[in-house]
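Before any comments, here is the structure.
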């Protein structure tokens, strides 16, 4: 018998230690498997530490096994990220999954997923209608779910957790899902005792501040950020035609022309802000930038 945790550990911090200890207490004797993103994470960024370094510290703090989630899933939107993670958990014959959640109501996740499954054709119709209106996929999906069930999830870990549960329900996986309350808001700019969000810890690391109160990971020098590669990205965009850019993964619907139009922006953040729109979320733009830098094509 085993239980899985899906994680990025970007970086591994006290909240993750709490989660592993919580699992050990609630599920004694169960082997803990971590499904961990590799060197790149879901938002299209470079992980703050290598996969091997994050794997090592997870094992040191109580995980029994760490499995790498393939790049093609780890660097994608929530529904694709969840698809890859749950397929891996199922292939490993792990029978339980646990995740952090803002609402912490697993029965609601399951019930809503079942309603959507029973009304899948109607859901797909609403989804297509919303996409035609120019909405991003996450927004279009949320509104389609809301129209069918009367409910939708707004908080990031609820959204991701719901995608996990949907994969279990839609694929009839023999996996039982559990959730628990998070120790801290994922992007809070304020710590709570010994806990701080991954976003805040990364910010502190890049500012050269001491983070030892919040994470056991040691950072002797500032990690490379995707922002540091903006000049390389600019060079590629300048040297490629719009037609050539369309060969890269996720580049479609004219986004290559927006990239060409705004490539003179002075910084990575300025560029993302200019290209960001109702249809193109900042997360999607960041993933495309990563794919272009890595040469990932369709």
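Backbone N, Cα and C define each Cβ position, glycine as well.
As annotated by Swiss-Prot, ATP binding site applies to 6-19, 100, 157, 182, with the evidence given as sequence analysis.
What Swiss-Prot annotates, mapped onto the structure for a quick look.
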residue: 6; record: ATP binding site; CB count, 10 Å: 23
residue: 9; record: ATP binding site; CB count, 10 Å: 26
residue: 12; record: ATP binding site; CB count, 10 Å: 29
residue: 15; record: ATP binding site; CB count, 10 Å: 21
residue: 18; record: ATP binding site; CB count, 10 Å: 17
residue: 157; record: ATP binding site; CB count, 10 Å: 18
